[in-house]
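Everything below concerns the one structure shown next.
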Amino acid sequence: MSVTTSPTDAGLAGSSGPEVPTVVSSWNEWDPLEEVVVGRADGACFDPAEPGYRPQIRGPRAPGETFPVGPKSAETIRRANEELDNLSALLADRGIVVRRPDVVNFDHPLRTPEFDVPTQYCSVCPRDVVITLGRQVLEATMSRRARYFEYLPYRRLIRDYWNRDPRMIWTAAPKPSMADDMYREEFWELTQEERFARMHEFEFCVGQEEPVFDAADMTRMGRDVFVQESMTTNRPGIAWLRRELEPRGLRVHPVHFPLDFFPSHIDCTFVPLRPGLVLTNPDRPIKDEDATFFTKNDWRFLDAPEASSTNDEMPKYCQSSRWLSMNVLSISPDTIICEDSEVGVHRLLRAEGFEVITVPFRNVYEFGGSLHCATWDVRRTGECADYFPHFGPG
Ligand code: ABU
């Protein structure tokens, strides 16, 4: 495949000079990692049910048992924090600057003019909330009520980056109302057959009126940013991103995975590992028309192997799928951090020539994600490159 440095670099990067420090700069998911934010579990609550979300207990349940509401136990939080701290120490040992969000107590009801929820959620998954797009830090609209204020634990860090880096651009996307009529509650009642029949409509639990997106529905590949239509990102959300990012020289592409009936966040579905290679989910193939853009630019899709557990064997209160196995963190184009138990993924990546580092992370799963979700890369070495030179038709 051919790679060119984007002709729009100058416009994207702004003025440069040795005296101006670069604090925020990350163009893709694989360049050498220099600075990262790792989430923390303190103050976390169970995700409350709401129009955009119906949490479920995994595996067998006692008669009448319902999904808990309120704070997670001190022991659950301790175990997750141990793994998050261990990841932080490993990254720091490799010379990567690691920063952490503020400690926030999420056990507060939230009431706005449009809605209320009994508690908020947690600060384990910065990836869902904020994204670095070159020199820009963008706060997502978010899609769920309990996550409306989830940017707050990161604001001290964002302000610090903004103060230290005069070229850093700080943008907060407009908050949606999250009123009842923003959602399509009938989505939750559809049968499997109905979902199958409607799989190409890409209509989920959020409507198509207000722009809505979670940051984790985006994946960055230099000048090109891919955004999946999902339960957490709608078409106006993608249109908003396009208008925001294209004047800065990026290209925004909607992508679709028709067999994923509950899509939420692209990083267990379509995970770029290095230029020309994407780890793909065999249960959730990309729509043919979307795949063409990759194949005509000589990208290769590498199907992930079976995960180490079934969905039912995932932690009881975990709302993510077994495909957290694919939720890896690249710290360079040839070094990837994976969860300890996901041996199939280790084997596959080693066979592709990657150095694989493994860490225990299963106690983090019930907080919404694995290694990619629980991190937000602020700075990676490298510039904006064009990995898709064959852009037009033909
Ligand atoms: N937060 C990522 C979860 C994606 C999945 O369950 O497949």
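Cβ from N, Cα, C; glycine included.
TrEMBL: automatically predicted annotations, no manual curation.
Check TrEMBL against the ranges 1-22, 45-66 and you find region 'Disordered' recorded for 1-22. Distance from the CA of H265 (active site) to the CA of D214 (active site) is 7 Å. Checking the active-site residues D214, H265, C373 against ligand 1, the ones with a C-beta less than 6 Å from an atom of that molecule are H265, C373. For H265 (active site), the same-chain residues 6+ apart in sequence whose C-beta sits under 8 angstroms from its C-beta are R127, D128, D214, A216, D217, S230, T232, G369, C373.
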